[in-house]
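Trainee: TrEMBL feature annotations, pasted as is:
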- 11-462: domain 'Biotin carboxylation' (DOMAIN)
- 131-329: domain 'ATP-grasp' (DOMAIN)
- 510-787: domain 'Pyruvate carboxyltransferase' (DOMAIN)
- D519, K694, H724, H726: Mn(2+) binding site (BINDING)
- R591, T858: substrate binding site (BINDING)
- K694: N6-carboxylysine (MOD_RES)
- 1062-1131: domain 'Lipoyl-binding' (DOMAIN)
Amino acid sequence: MASGTLPPARKFEKVLVANRGEIAMRIYRALSEMEIKSVGVYSEADTMHMHRTMADESYLIGKGLQPVQAYLSISHIIQVAKETKADAVHPGYGFLSESAEFAQACHAAGIAFIGPRPETVRLLGDKVFAREAAVSAGVPVVPGSPGAIADAAAAEEFCRVHGLPVILKAAAGGGGRGMRVVRRLEDVAEAFERASSEATAAFGNGSMFVERFVESARHIEVQILADKAGSVIHLFERDCSVQRRHQKVLELAPAHKLRQEAREAILSDAVKLAKSVGYENAGTVEFLFEESTGRHYFMEVNPRVQVEHTVTEEITGVDIVRTQIRIAEGHSLSSLGLNQSEIAASGCAMQCRVTTEDPERDFQPDSGRLEYFRPGLGPGIRLDSASAFAGAIISPYYDSLLCKVVAHTGNFAESTAKMRRALREFRVIGVSTNIAFLLNLLSCEEFCTVAVDTGFLDRNPQLMRQRPSRGRVQKLLRFIVAVPPDGWRKILKQKGPEAFAKAILDHPGVLLTDTTMRDAHQSLLATRVRTYDLVKIAPFAARRLSGLLSMECWGGATFDVSLRFLHECPWQRLRQLRDLVPNIPFQMLLRGANAVGYTNYADNVVYRFCEEAVKTGMDIFRIFDCLNYVPNMLVGMDAKSWRVVEAAICYTGDLLTSKKYTLEYYLDTAEQLLCFSLAIFALDRAGAHILAIKDMAGLLKPESARRLVTALKQKFPDRPLHIHTHDTAGAGVATLLACSESGADILDVSVDAMSGITAQPSMGAVVGCVGRSPGVQPADVADYNAYWEMTRRLYVNFECTNTMRSGNADVYENEIPGGQYTNLHFQSISLGLADQFALVKKKFAEANQLLGDLIKVTPSSKVVGDLAQFMVQNKLSKQDVLNRASELSFPCSVVQFFDGCIGQPHGGFPVELAAAVLHGRKPKYTSRPGAEIPPFDFEKLRRELEKKFGQGSISDCDLMSAALYPKVFDEFAEFRRQFGDVSKLSTRSFFQGPKIAEELELYLDKGITVYVKSLAITEPDKMGQRRCFFEVNGQLRVLHTRDREASKDLVFRRKAQPKENLGEVGAPMPGEILSVRVTPGQVVAKGQPLLALSAMKMELTVASPLAGKVHSVWVNAGDKVEGNDLLVTLEAEKSE
């Protein structure tokens, strides 16, 4: 365009920055000052980088590409620019900043390129063409190849003609990459290959050219600015002579001790060359200056902003980045107040590049996390950076520049002193840096007294040596980290539940709850994992998994299984884990008004349980009800003693297709829990601190998850949302990722070795795939997983994989909860139905429909499971149950369900079946059952227990256990009195007993260790007694014990024949007789209970199939029976 004729300038509204790191941040800041919206792009490797978050908008590019290639993907960047309606693109430096193809693509898309025209970039970006342009403009050049050289042979021929040394340069780029100095002819081929390969990697073009290497020269470059009207000015020169392997280390403006006539000649040639090629925007013309001859030679033009533009800005006061943008908008230099005659250089500016390189290891780049960062600041110091802060991740994929430190004073000596002071103030821990090397350089007499040339560092190798940092504080900190780091529990303890919930909302990433220590082993190993194995891994979790929001380690089925089967005190487990994991919040599962039991308790039992739990170390209470019956949940939420209340809504069906459990149903239930509780109980807080979705069966599909999470977050944005699911169908990870993408705050996962099938989705998979930082590192998950892989083998007898080889998508049809799925399978085997489990699952779905399509979680899931097994055992179809309901002896749990004992189901009870099961009578409860239960008398229970087990032997925790599980606790207390604390035994010894000659190391208490060796066991005598010989701490001991197998009595019972004699009542399934309620000669009505039977924790009442008289009773309480064993013989009532 002719000089002085510019169309009206436009105003950019939005600019995309096609770069990363420090230069991206520099451009964002300029755009912000100019009230222009910024658009950032980032690679997958830069997901957590600050430059992504500093832009007004930022978008992922190059998904699946290598980290560097992502920023070289022209198509992806142009696509983002179009989609965001960016007016212009700023390329920064490096990457595509010198790509004519990129500049052309921007113009073709109607997007302004903030830099020279594409043809100018093509001309000057290629070192060969740029050299030809300099010759045409009358600018002196170093003797070199007339064009790009094809191969190493051409380079060798040039050397033979022009002599050595020579320098090989990348034709398509700069920045020291693709450059090699060659001093011997035999080294040319290797140097050419290395330089060409490096250029290909950096610029996508391996073309090379060669020129004579001017030794002992200074590297002087001139900053130019040019507008679209042809005006060109310079902003004086910079001295970049301090280089290592052609990489600039320190830059000065203006050049130190440069003769004025040489300065004027260099500045003049720079402007002359820019005008001759019609240059636009900012650029740098680089020269070599021979001090001995006073000659300068053109090297190249960098058609972009330079890393060292900062020193020019300091001495001239011109904001180069802002000026670039204004020129691209169409402003002239004069309209911007930039006239050559009015620009002056003030003082001296010096820039040091602080890099994450180790001079002691040949400047090898270092990467990792910055553990500590303190910069040197103060008057006259400027710091340009992007990753310079504690906690920042230094990527191994990009340039090692950490920050640029600029000192500006009145002269060179003062700038040197100020820079030394600033660098001495730096403290960088976590990665190596070149700061010590820079301080050596700034203290070097040659640097401080003479104008150094590009060979300065080669002549002073001693500058590379540095005294190791003492790092005294960091070394002490590494010792201190033996104490677990702060976790989320610190926030909870110091600031309370409300602040804890707010901190979760403010957290930028998704958080994780680890269920390995409860729900995972409940689902996979029948809840059998012992305290012994939990406490061994607990310290690791405290130190390496401190970023977890919480650990679910207690409550639910773990409570009664600890007492019933493991003979451990659950309170002791919680206490031990709390001592070992003081920093991570503990979470438990509370079944609303059922506490951790399977029935309703008086309200004061629930309250006192929660008080004891908090005292013992519990932090978060996930409260749910098996029917989503809000009154039952509100009782739990009203307890004033606990820390964090998490209200969990149980999920079932598919909200996309269900007519009963719709999206509106879940939103309405959430509103009741979060809002109504305030009015009902006059709480001093708004109901619950956290809202949870509890997907017990893994029915929540990804699309349904997106709908549900989005809707809940939109309606309740002030509550964190926690998602719990099971992986039975194999889609759990996909569901959790969908939840995370839709805004969920917390996800439940279990460690890989304890995940999948019917447990939670894999922690490792979620950590590896989730885009939002989960606070846990993959390497730590891998180490945690290694422990659980080995530990799981100890529980082979309880493995769900003994009967299940994988998850099963038929859960979408039968809706069996994850924890119940494996238990139901075990029960089926126990009841002789192993080959009919497919039928059991089918009957589970039928039973669910018979009961009205329930929310299914303990204890409502037990009701459905009991009915399903009953149907299979008695060969009943769905229609059979409906037709014969009045004469069937339904399991007790089914009768209790219709009696309202566990609450009121959504939509009510199925009327006809309810009437038949209850034989026409009214249900016991039509509202919250607990409201009708009088307060529990704890002191009376204490007196009874101490009478049984000794005065002062019952702790408050024991009392609580007995209130919840009276019979189970009695058995546990008797076991403890007889055998002591068996949790001290290793798991293999507990389950299998010791091997002969095996030595056991028993830690009884702090400082008390006993060594036991099993020596021999005799055969049983005629009384069934065995003698066991042990060596205890070297002393022989002999124990006598009864062999139960050898001394048991075998009993055979006749089978009932109800088809031949309706009065013969048989056992509906194998089990134990709990009670006999009739005697011979007693008159009974049809449907009257005859006795109660228990099988696998399922209890049922055997009712009379007819009206008549009891002829015989064949069993007593405590007897074991098989399916269809004869129990009672009846005589039918004679009709008149």
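Positions of Cβ are set from backbone N, Cα and C atoms, glycine also.
Just so you know, TrEMBL annotations never went through curation; they're auto-generated.
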Trainee: Go ahead and report the DSSP secondary structure tallies for the domain 'Lipoyl-binding' (1062-1131): helix first, then strand, then coil.
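Mentor: Going through the domain 'Lipoyl-binding' (1062-1131) residue by residue, I get 0 helix, 39 strand, 31 coil.
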Trainee: Other than D519, K694, H724, H726, which residues of the chain come within 8 Å of the Mn(2+) site, judged by Cβ distance to the Cβ centroid of those residues?
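Mentor: Near the Mn(2+) site, the remaining chain residues are T515, D695, M696, T725, D748, Q760, G818.
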Trainee: Distance between T858 (substrate binding site) and D519 (Mn(2+) binding site) at the Cα atoms, whole Å?
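Mentor: About 13 Å separate the Cα atoms of these two residues.
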Trainee: Express the distance between the Cα positions of H726 (Mn(2+) binding site) and R591 (substrate binding site) as a whole number of Å.
Mentor: 18
Trainee: List the residues of the same chain that sit at least 6 positions away from K694 (Mn(2+) binding site) in sequence and have their Cβ under 8 Å from its Cβ, in sequence order, or write 'none'.
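Mentor: Residues satisfying the criterion: R622, F624, A648, I649, C650, Y651, H724, V857.
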Trainee: Taking every protein chain shown into account, which of the binding-site residues H724, H726 has the largest tally of Cβ atoms within 10 Å of its Cβ?
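Mentor: Of H724, H726, the one with the most crowded Cβ is H726.
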Trainee: Write out the long-range same-chain contacts of D519 (Mn(2+) binding site), meaning residues 6 or more apart in sequence whose Cβ is under 8 Å from its Cβ.
Mentor: E552, G556, L589, H724, D748, S750, A759, Q760, G818, G819
Trainee: Tell me the Cβ neighbour count for T858 (substrate binding site), meaning other Cβ atoms within 10 Å of its Cβ, over all protein chains shown.
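Mentor: I get 25 for this one.
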Trainee: Does anything in the same chain, at least 6 positions from R591 (substrate binding site), have a Cβ under 8 Å from its Cβ, and if so what?
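Mentor: Counting only residues 6 or more apart in sequence, the Cβ neighbours of R591 (substrate binding site) under 8 Å are G556, G597, F624, D625, C626, T858, P859.
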